[in-house]
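Take a look at the structure below.
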Amino acid sequence: MEVVGDFIASRPWLALLLQCAAAALVGLLVHAVLDRVARRLFRRFSPAERVLEYTRRPTQILLPLLFIHVALADAAVPAGVLVGLRQLMSIAVILLVTLFVIRFIAAFADDVVARHPTDAADNLRARSVQTQVRVLARTAMFIVGLLGLGSMLMTFPNVRQIGASLLASAGLAGIVAGLAARPVLGNLIAGLQIALAQPIRVDDVLIVEGEWGRVEEITGTYVVVRIWDDRRLIVPLEYFIQNPFQNWTRRTSDLIGSVFLWVDYRMPVQPLREQLKRILEDAPEWDGRVCVLQVTDFSEKSMQLRALVSTRDAGRGWDLRCKVREQLIAYMQDNYAEWLPQVRATLDRSDRLDQPGAPENTPAQRPTNLTEGAQAPAP
């Protein structure tokens, strides 16, 4: 043993390595004990279990580093080397603490989201909570990450000197920093506005840039809108603060859809009203609120009918409108085919046929005079 002790004492780096390894081993053992105790204490408390699950990896590395940091205080190494090691350990500890806080925020946000699912029929409250929690959590994680990065940089003496010189010229530095960080700060402020005012929420139905879709995800800088054909539209957060857009589920998902038909003037409207009512009574998409058929426009050829139907959401509304359109057209084809839109014309012979010496025209050569509004004679 004395020989081993002399061998280690003659090699300071080996002694330092063994000292750090022993400290790391003690840290791992302490983490294992604390993790098991915490799991038993919070076994039936799901938020705490989620926090422990999310923060296990950072703490598993952080505790050994803290023990190594303490062990370096009594290490027999040159002062210059000790300063470098301590700075390296400080950076690692700051990084892990930052990661721990970010994971803690993520665990809290995911737990709140899990307790407010959006698969219910009336999910307005759940979507509101999810939007607020996700946006605020991402904003908080961004701020924590920024503070952690600043703390790591401040461990370098040169960076401190740069910071002091920037403070001396704060006006110019503020202008430059403001211009450089404008997109980031703009999205950050827009995210806070969306979280508080909530012009959009997760799973809202929007019309953005002429596209119909649902809000799939709200991040710290952009919004993902899932288009009806499964395309994804990526929109910056600032867009929803600075530009108008349609939100079909702002207060409720109930919608009124319209179906337009063009028919002949002689088409009776009442049979179509009765048929519309029968169609809606057999349609599971209809919510029973609105069933209206009206003449809303006309032209020199036909008149326009508009059917209004109501549904619980936009998806059912689209399906119901297609169903009403198809079945009303089929009803007219079966019962009133002659009153579908048509063009009327009158064919007259020219007076030139009665003039002497005029050549006789064949039926294909006879001139025609088309007049709207009169029925063409039978051949």
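Using N, Cα and C of the backbone, Cβ positions are placed for all residues, glycine too.
TrEMBL lists 12-34 (among others) with the feature transmembrane segment.
Annotation comment: TrEMBL describes 61-85 (among others) as transmembrane segment.
Look at TrEMBL and you will find 91-114 (among others) tagged as transmembrane segment.
Sequence annotations record features per position, and here TrEMBL assigns transmembrane segment to 135-156 (among others).
The feature domain 'Mechanosensitive ion channel MscS' is assigned by TrEMBL to 184-250. Break the domain 'Mechanosensitive ion channel MscS' (184-250) down by DSSP state and the numbers are 18 helix, 25 strand, 24 coil.
Positions annotated as region 'Disordered' by TrEMBL: 350-379.
The feature compositional bias 'Polar residues' is assigned by TrEMBL to 362-372.
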- Message: If we skip the immediate neighbours and take only residues 6+ beyond the ends of the transmembrane segment (91-114), which ones have a Cβ under 8 Å from one of its Cβ atoms?
- Response: 46-47, 50-51, 53-55, 57-59, 61-62, 65-66, 69, 129-130, 133-134, 136-137, 140-141, 144-145, 147-149, 151-152, 155
